[in-house]
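Per TrEMBL, the feature repeat 'PPR' maps to 225-259, 260-294, 330-364, 365-399, 400-434, 435-469, 470-504, 540-574, 575-609, 610-644, 680-714, 715-749 (among others).
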Amino acid sequence: MKAACVVSRKKEALLGQLGEIVFFPRDFSCSVLSKENAEVKGTKLSPGFLPNHVVMVIKHKKDPLKALEVFNSVVKEEGFKHTFSTYKAIIEKLGFHGEFESMEKILIEMRVDIHSSLSYEGIYIGVMKNYGRAGMVQESVDTFERMEFYDCKPTVRSYNTIMNILVENKCFNQAHKVYLRMRDKGIEPDVYTFAIRIKSFCRTNRAEAALRLLRNMTEQGCKANGVVYCTVFGGLYEENKADEASNLFDKMLAEDIVPDVATLNKLIHSVCKMGGVEESNTLLEKVGSRGVSPNVFTYNILIRGLCKKGKVQDAITLLDGMVLMKLVPDVVTYNTLISGLCKVHMVEEAEKFLRMMVRNGCTPDHFTYNTLIDGFCKAGMVQKAADLLGDAIFKGFVPDPITYSTLVNGFCEDGNLERAMDLFKEACSKNLILDITIYNALIKGLSEKRLIPEALQFVYKMLDNGYSPNIWTYNTIINGLCKISHVYDANNLIDEALRNGCTPDIFTFNTLIYGFCKASKLYEALEIVDRMQRYGVTPDVITYNTVLNGLCKGRKVDEVLQVFNEMVNKGCIPNAITYNIVIESLCKGRRVKEATELFEKMLVECCTPDVVSCSTLIHGLCRNGYLKDAFKLFRRMNELNLVPTMATYNILIHAFCNKLKAHNATKLFKEMIKRGCVPDVFTYSVLIDGFCKTGNVDASYDFLIKMLNKELIPHVVTFSRVINCLCKNQRVEEAVGIIYAMVNKGIVPEAVKEIFEADKREVAAPKILLEYMLQKGHLTYGAYELLFKALREKKKYESKIYSHSLAFGGF
């Protein structure tokens, strides 16, 4: 008994030294241990340490290198020798944790120490799997190839393992060669072999071949299982052969082959990834009648699928069904639903599920809080996000870099740079490993506030703290510089970006080109287009459109055509915006014929014109005196399935009025209203002007009344034209009514507003307004005299003036 206690103390001392808490019964007899374990593979063990103890410690060690220390240290104990089980345990531990160099050394040691290689296959299979899991395909293949060299003959298990690794890593041809080699050696395939080959066919979009192989399995003496059927189902479904897939599933159930819940979950996951949530529910119902009950993972997959399709209400209903099934939602369930709700901007609803999960004893994690904080920030509820973080910290949540980045970005977007800076400093004080995202958020916020020097200082701070700015960082500052017209500084910043290892991209150059065009530095913009080529950046349609628009505004028609031809020659396909700019430029240059030809070419090139294309050309034709052609193009818009806008109607109404064809303009006005296109101030003003030019006083007066009743206030010039027409026709009382209507609407000079006493303002305002309109040349002197006289003799006209003013909404 004394010897047993000594042995027990030695065991506990060694295990305690290695940091493990493993308890052995005090009365665990050494004689019993030696009886059961003393002989392992012909190795006599001392009663001190047995291989199964070492195996247990190795398996419980989290750190693989500490497990290796145990493995190496026990051989120093007198009488102890490693066995196959201890070698297997340490090789598996090292391989699983990616300590492949140490693993290979132990493999060599094992081959020397244990001569019998009959049981090596399991170890080699484990090694291959661990290499495969780490994506080290060649190392897996090398292990497989070495098996026979070390007298370990591969069985179907080894072939299946290496084939599966090759298929999982998309080495489909090599996997097929391994299969052929296996058959050449006379090794018969089993159900797993067929499953791997079927998976290979499905992943190379050959579901029909997989289906044929499934049918041939029985002929080759192998019965298919649920995994094989579900693999083929998934392949057919991914190739949009849903009906064939459904028939196969029904056939599987008819043959009493029912997949287990784990296989079913994999299948549902594949179907949901393709958007087939409804089909997944159908599958679930079919197997449910066969006794397969969904688990939490099943519901999580379905909820995720519904949220991905934006069907969050259905996902919430599914959660209720899950509870009815007596299944307890886990953190993944709630996180999936919260994320789905945030994506459809239902962030307040998402917060309710946070409270629900806490009530139900499910602890929120970093994903939960970070998702909700991000949702509130994107919804513009940044303070709510900050309050949520404060509450979470109170409950023990520790913010991570993602939390701070999200909130800093939120406050920057909200324009609260001071709060964003405070959060940044707080994150730095906690020694968190921040990423470039938080710096970029602050740089963007500073740039949008036009605090460019401060933004640049932040770039230098990034560099000092060991963070490398990316091209997005520089693009943000370049964009900010261009907005404040510091285009040359923005251009020079490219050199600094290159020095810091950032290559400019298409956005960099497009931003610069836009900045130079906006500053009317057109030739500098063209130089940047040439410079792009040197950096290996190909100008895109946005690049060319920006340059063309700048040249068009500068009325450089020849240059516009030159750049347009260069664009086409370099293989950049123009879009509708490109054609619209060139058409506008040609129209401005009075080259309407070329503009019309380009419009027709646009149709031939299969670039469908839009409303802007037609309106631009109509405007060009009208301005150049081709009103008839403009009207034909206007009617042709119906053939092109284009609906004219208010701007289109206004162009033609204005053109007809200029040609003194107010009758045609009125027809268009009525058509415009009939088609649901609401006239604006310009529409009414142009028509009133047209009526005045043709002497149609009644129409001009009526349209002015309609305009004011619709709360559309015309320019003083429009009022003046109607007043002049009325005075010319001796309709003074109506003209005075308009003057009082103008005063009532506040359309008066600043001098009127300086009169503080209401009664004085009422008397003085009409006269001051008259003086102002005369000085500006809006009123004829004859009209002024008549109106001034009428205002002096107000009592004489008062009843008539009052009645006319009512038409304008009263005084």
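The backbone N, Cα and C atoms fix where each Cβ goes, glycine too.
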Please spell out the DSSP helix, strand and coil residue counts for the repeat 'PPR' (225-259).
-> 26 helix, 0 strand, 9 coil
Of the residues in the repeat 'PPR' (610-644), how many are helix, strand and coil by DSSP?
-> 23 helix, 0 strand, 12 coil
Where DSSP helix means H, G or I and strand means E or B, what are the helix, strand and coil counts for the repeat 'PPR' (260-294)?
-> 25 helix, 0 strand, 10 coil
Lying 6 or more residues past either end of the repeat 'PPR' (470-504) yet within Cβ distance under 8 Å of it, the residues of that chain are 436, 439-440, 443-444, 446-448, 450, 452, 455-456, 459, 462-463, 511-512, 514-516, 518-519, 521, 524, 528, 535, 537
Given the repeat 'PPR' (330-364), its same-chain partners at Cβ distance under 8 Å and 6+ residues beyond its ends are 296, 299-300, 303-304, 306-308, 310, 312, 315-316, 319, 322, 371-372, 374-376, 378-379, 381, 388, 392, 397
Contacting positions for the repeat 'PPR' (260-294) when only residues 6+ beyond its ends and CB under 8 Å are counted = 226-227, 230, 233-234, 237-238, 242, 246, 249-250, 253, 301-302, 304-306, 308-309, 311, 314, 325, 327
May I have the DSSP-based helix, strand and coil counts for the residues of the repeat 'PPR' (330-364)?
-> 26 helix, 0 strand, 9 coil
Contacting positions for the repeat 'PPR' (365-399) when only residues 6+ beyond its ends and CB under 8 Å are counted = 331, 334-335, 338-339, 341-342, 345, 347, 350-351, 354, 357, 406-407, 409-411, 413-414, 416, 419, 427
Averaged pLDDT, computed only over the residues in the repeat 'PPR' (330-364) = 94
